[in-house]
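Asker: Please see the structure below; I have some questions.
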Amino acid sequence: MYLSRFLSIHALWVTVSSVMQPYPLVWGHYDLCKTQIYTEEGKVWDYMACQPESTDMTKYLKVKLDPPDITCGDPPETFCAMGNPYMCNNECDASTPELAHPPELMFDFEGRHPSTFWQSATWKEYPKPLQVNITLSWSKTIELTDNIVITFESGRPDQMILEKSLDYGRTWQPYQYYATDCLDAFHMDPKSVKDLSQHTVLEIICTEEYSTGYTTNSKIIHFEIKDRFAFFAGPRLRNMASLYGQLDTTKKLRDFFTVTDLRIRLLRPAVGEIFVDELHLARYFYAISDIKVRGRCKCNLHATVCVYDNSKLTCECEHNTTGPDCGKCKKNYQGRPWSPGSYLPIPKGTANTCIPSISSIGNCECFGHSNRCSYIDLLNTVICVSCKHNTRGQHCELCRLGYFRNASAQLDDENVCIECYCNPLGSIHDRCNGSGFCECKTGTTGPKCDECLPGNSWHYGCQPNVCDNELLHCQNGGTCHNNVRCLCPAAYTGILCEKLRCEEAGSCGSDSGQGAPPHGSPALLLLTTLLGTASPLVF
């Protein structure tokens, strides 16, 4: 019973989690513009596509209202609650902070009680239209990564248009129309994002989904970014490679999610009835408590950092690019036409770095050790060619094998690299470390591997001692010659002269011993001698 209850609770938790987290938290790993790799030429840079993290872009915008004096409170006025036209004791006064509703309250911290919001003047000049343009400007190209969400403190407007600009507000194009009656307001058939497809995802639609009359729980308007992404990446955005492929190859799709400015055009406030109640015009106004815009600086996949300085956003460009959006090659790096980075292949993409111009390579940043460079397309990098003065590496900044860095010389000094001079007999190879120490064979020591460790002697390299005057003594009168062999008397042989020569010939007991000493151990010989010289015993 307990097991089945646990499984039921677990299944419920999985279901709730999937509902609460419909999209992946991480969309792609493009957080590095370059990394170092090792090649035969030493360490070189490997470049990859990169982009800044998605963030709350409302922190960096400037807001402008048109007409400029449309905000309530100057002069002070009272307004009615829309749900109850007889509750007209709410006051807006721009000179009193507690009663003021300036535009910046659309972007402040949410969750306060009571809530903060911007509010327009009431529709006291009816039948003249009450219309407001709210322009959000970044002075920078940004890419939208999440839904645009507008939360109204009052009822949602009966008519509204969300517009975008790609040229800093010089021209505008509609993003989406909102109305209680699309056909009447904009001569368009009502649609929702669910009616679109991959082929019609760029269609500008009018929706009635968010423009119903005032209700307590119906204050939010969306512009659905993620639902449009889902046409390519799937309903849970798992197939990001498909979306990235479309963004790479379809400029119109990429531009659709790119803006420099947004404009909210409020054309008709929430009326709540068919006709406007001219006796209670103080109940008609616009009030917005929050606007959410999430995205990232557009850096054309050439930067991971976007700096906000002096009220301006700027990409910190990599890949030898420059410009506010990294949209051109740096001076002297026009070796091929500028190109944006590419998301593909997943997961690192393609950097499409700018390369040096042939006429501007100069000394190729080779510290004076070469005047030639070569571009390696596979690595998207430029390396020095034919490094002189025993140097090597991408910028001739390393020493060739068999040489080490002269710590007292600058990188551009001809004597920056010193030969290792490893002893060929004592070292494993001719290379040394950064301090000039060679790698020695067993029994060998010294910076150049030309000295022997104790117990070893030099003989075409260090060899273990065969004999010495300390532990490995030559026996039977033998003498040690240069620690490499014992010089034995004529009757003895062996490494330490420890064997009788006749033992090897097998003739120690024959008459032809030629004066060989009697066969036997030293103890037996001593006993025989003692017995031969002793006096006879008397009984």
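Heads up, the Cβ atoms here are built off N, Cα and C, so glycines get one too.
Feature annotation from Swiss-Prot assigns disulfide bond to Cys72-Cys92, Cys80-Cys88, Cys182-Cys206, Cys297-Cys306, Cys299-Cys315, Cys329-Cys354, Cys364-Cys373, Cys420-Cys432, Cys422-Cys438, Cys452-Cys462, Cys467-Cys480, Cys488-Cys497 (among others). Annotated domain 'Laminin N-terminal' per Swiss-Prot: 46-296, in sequence order, evidence recorded as sequence analysis. As annotated by Swiss-Prot, domain 'Laminin EGF-like 2' applies to 364-419. Marked as domain 'Laminin EGF-like 3' by Swiss-Prot on the basis of sequence analysis: 420-469. Annotation source Swiss-Prot lists GPI-anchor amidated serine at Ser510. If you look up Swiss-Prot, you'll see 80-91 marked as region 'NGL discriminant loop I'. Annotation source Swiss-Prot lists signal peptide at 1-28.
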Asker: Within 10 Å of Cys488 (disulfide bond) (Cα to Cα), which of the disulfide-bonded residues Cys72, Cys88, Cys92, Cys480 do you find?
Answerer: Cys480
Asker: Cβ distance under 8 Å to Cys420 (disulfide bond), same chain, sequence separation 6 or more: which residues?
Answerer: Gly402, Tyr403, Phe404, Asp430, Arg431, Cys432, Gly436, Cys438, Lys448
Asker: Count the Cβ atoms, other than its own, that fall within 10 Å of the Cβ of Cys88 (disulfide bond), considering every protein chain shown.
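Answerer: 14, counting other Cβ atoms within 10 Å of Cys88 (disulfide bond).
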Asker: Fill in the CA-CA distance, Cys497 (disulfide bond) to Cys88 (disulfide bond), as an integer in Å.
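Answerer: Roughly 124 Å, rounded to the nearest whole number.
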Asker: If you skip the near sequence neighbours and keep only those at least six away, which residues in the chain come within under 8 angstroms of Cys315 (disulfide bond), Cβ to Cβ?
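Answerer: Listed in sequence order: Pro52, Cys297, Lys298, Cys299, His302, Ala303, Val305, Cys306, Val307, Gly323, Pro324, Asp325, Cys326.
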Asker: When the Cα-Cα distance from Cys72 (disulfide bond) is computed for each of the disulfide-bonded residues Cys422, Cys462, Cys467, Cys480, which gives the smallest value?
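Answerer: Answer for the nearest of the disulfide-bonded residues: Cys422.
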Asker: So how many other Cβ atoms are close to Cys306 (disulfide bond), meaning within 10 Å of its Cβ?
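Answerer: So the number of other Cβ atoms within 10 Å of Cys306 (disulfide bond) is 22.
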Asker: Which of the disulfide-bonded residues Cys88, Cys182, Cys206, Cys354, Cys480 has its Cα closest in space to the Cα of Cys452 (disulfide bond)?
Answerer: Cys480
Asker: Using DSSP and three states only, what is Cys329 (disulfide bond)?
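Answerer: Its secondary structure by DSSP: strand.
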Asker: Cys206 (disulfide bond) to Cys422 (disulfide bond): how many Å between their Cα atoms?
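Answerer: Just about 81 Å between their Cα atoms.
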Asker: Using DSSP, how many residues of the domain 'Laminin EGF-like 2' (364-419) fall into helix, strand and coil, respectively?
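Answerer: For the domain 'Laminin EGF-like 2' (364-419), the helix, strand and coil counts are 0 helix, 18 strand, 38 coil.
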Asker: Restricting to the same chain and to sequence separations of six or more, state which residues have a Cβ under 8 Å from that of Cys467 (disulfide bond).
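Answerer: For Cys467 (disulfide bond), the qualifying residues are His473, Cys474, Cys480, Asn483, Val484, Arg485, Cys486, Ile495, Leu496.
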Asker: Should any of the disulfide-bonded residues Cys80, Cys88, Cys92, Cys182, Cys422, Cys462 have a Cα within 10 Å of the Cα of Cys373 (disulfide bond), which are they?
Answerer: none
